[in-house]
There are 2 protein chains.
Amino acid sequence: MQACGLIVEYNPFHNGHKFHIQASRQESGADCIIAVMSGPFLQRGEPAIIDKFHRTKAALAAGVDIVVELPYLYAVQSSDLFAHGAVQTLHELGVSSICFGSESGDISHFTRGYDLLNQYQTSYQTMLQTKLDQGLAFPEASRLAYETIGLTTGGIDLAKPNNILGFSYVKAIFNNHLSIEPLTISRLNSDYHDEHMTGSVASATSIRHELLKKGHISADAANSLPEETVSQLQTYQAEATSWHTWENYFDLVHYRVMTMTEEELAAIYGVDEGLEHRIKKTGNKATSFQGWIGMIKTKRYTWTRLQRIFTHILTNTRKTDAASVKHSQSVPHVRLLGMTKTGQTYLHNWKKAMNVPLISTLARQDNLIAATDERASHAYYSSLPAARKRAFQHQELEPPIIL
Amino acid sequence: MQACGLIVEYNPFHNGHKFHIQASRQESGADCIIAVMSGPFLQRGEPAIIDKFHRTKAALAAGVDIVVELPYLYAVQSSDLFAHGAVQTLHELGVSSICFGSESGDISHFTRGYDLLNQYQTSYQTMLQTKLDQGLAFPEASRLAYETIGLTTGGIDLAKPNNILGFSYVKAIFNNHLSIEPLTISRLNSDYHDEHMTGSVASATSIRHELLKKGHISADAANSLPEETVSQLQTYQAEATSWHTWENYFDLVHYRVMTMTEEELAAIYGVDEGLEHRIKKTGNKATSFQGWIGMIKTKRYTWTRLQRIFTHILTNTRKTDAASVKHSQSVPHVRLLGMTKTGQTYLHNWKKAMNVPLISTLARQDNLIAATDERASHAYYSSLPAARKRAFQHQELEPPIIL
């Protein structure tokens, strides 16, 4: 039995994802589709609209066979660490391929890009450092450095976040000499940053904005969402009383910042170069999350980077916690969220060959990755009313979802 | 010009307090009444119903000449440290007497008690340690030890919280050889623990319960409150949207506990003997503040002690912060909250003789006492809606209230 891996956030799961699952199955010829999915908080430093358990249900209903969780310490990271954690997780699960979406849908653009980068490593590093020293944010500095070595002309436009992630996956596979074949599928008429609904394969970003702006599922959004997602979104909203947005966490993160010492704030992952003073100072004037980030934002500290930092403050993730993933090659365990019958058969056979434990709850896991995941989960549900919080938190202790 | 000091919480300021001010003026023969008042959080580990600025206004309107703030690190403490901070503050302000309420209203009971304690110090200490080792809470152990040396038969019943505080004031004055005369006034028909309104001098506890239970000022409560207090309570509720009760902080303190590591929790002042495990574990089931404390409470960990600990968690007050007051003789500054014309004249003359700065905001104060007060203030207003929070917090930067 062969497995193909996807690396996803499913925030929320939409028609494009459903298409991607079908295409991946075809492209890879695999019998089993495994998705490694971000948990409560996402790569761009945002809470997921609905929790990982409800997103897992939507994913299984739409064709994924196994959903596992990408630990927080890999999920809320820039693309290279995000990709490293995701690829290592899929490697532990024995996938023979990983399939990701890209603008061109041509994998040779990525493999050629990888060769080019290897060849001009020094020029790339020098230019990257120069641009960083000029005060540019990492994504922009990196894009310019790639341009220098001719990478954008090779077919991948590294101004597209999706291509950046895809390139990070390819690097994570090749750098670690994993026997995983990278595959890519064109993203069709959906553009990652497009904020308008464009029919049945609208981007995750555009659907998310539509949902959070309206606070309910509009007819437009419903058109881009599979039935399973509409049902999970509705169930969640009814049971939890609301979806999750950063603004729901403003009171908590503001309280937290204003009762921390500057030393404690400086110990949080990502708070560097005296940013603690700026965060504290602007905190005196902030009355909304958007407004607060707007006051701190600079050329170097992009919106996404600041959102990640605030996620680390909210979840109490310190530099010492993050150091553990930076210096470890593999993941300490794989956390199973849900599976179909096919997934169950696959795992039954594969489990013995795994080098790390396959777990279904964090109970009894004694490592920084698990401890951080537990804190992140508590922080995520903290925006809900007291009685709801407890019920939703309890899902963490239940057996994996089986469809 | 002579000054008499009062040690108060004014939560809220009621008719009994008004009577106490008049009686203190008479008893002491002083021209100026100085109240040292707890700030956002009170001795029993509770948020004050309305903030210190509004309580200051009520106190000035009712006859106090100067209101200064007892720093958090002294205010949220057991009686001896509370008394130490309050007496030292009044000493810096040059009071010639301190007048407190007691059951008997006879100061000789307290001075005889002090002599007795000095004489039988060893027996007291031995019995105290024995009772603590048996698992009793400090107040109960201390009461029994006092009984052993005959202190309860000398006229002060040390089962009464008010007498305990009074005795602590007397000890703080005599132990430090201060030239301050202790005075006491009978508390009349008001009993500290009485939860029923008993006419015009009802206890602070009974009024507080009545206010918080009803959420508005009932006719009964209004009878026990001076006009100034009724007006401050109403203004505060209208502007802040609500009074402060522990339940309004449940979400914040629960979020905080559940995102702390056990090591961080164990570093909080008062979290000893593995209490961090118990707090974390019960946190998984808690859905209200009262319910949570109820789950943790034991013979040794009384309700008051636990409330103080939760106040320290909420305000992020660590053992290292508290150590600073335990080992320092004097207070680092005196924070002025408000004054009348008489108070202004007194301070104008006295200021030059002070050993520590008289300040009106915490800005530019660089010590642990000030830093903790700033965090406590932020924590206190954190229960208010974002826009209100900012406006109320801003009072901390305004000049002292002058009536």
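Glycine too: its Cβ is placed from the backbone N, Cα and C atoms.
Just so you know, TrEMBL annotations never went through curation; they're auto-generated.
Under the heading ATP binding site, TrEMBL lists B:7-20, B:G101, B:N162, B:R187. Taking a C-beta cut-off of under 8 angstroms and a sequence separation of 6 or more, B:I7 (ATP binding site) has the following same-chain neighbours: B:A35, B:V36, B:L70, B:A83, B:A86, B:V87, B:L90, B:I98, B:F100, B:L165, B:Y169.
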Key: Mapped DSSP class for B:Y10 (ATP binding site), helix or strand or coil   = coil
Inquiry  = Using a 10 Å cut-off on CB atoms, tell me which of the binding-site residues B:Y10, B:F13, B:F19 is the least crowded.
reply    = B:F19
Key: Protein Cβ atoms within 10 Å of B:G16 (ATP binding site), excluding its own   = 20
Ask   = Within 10 Å of the Cβ of B:N162 (ATP binding site), how many other Cβ atoms are there?
value = 20
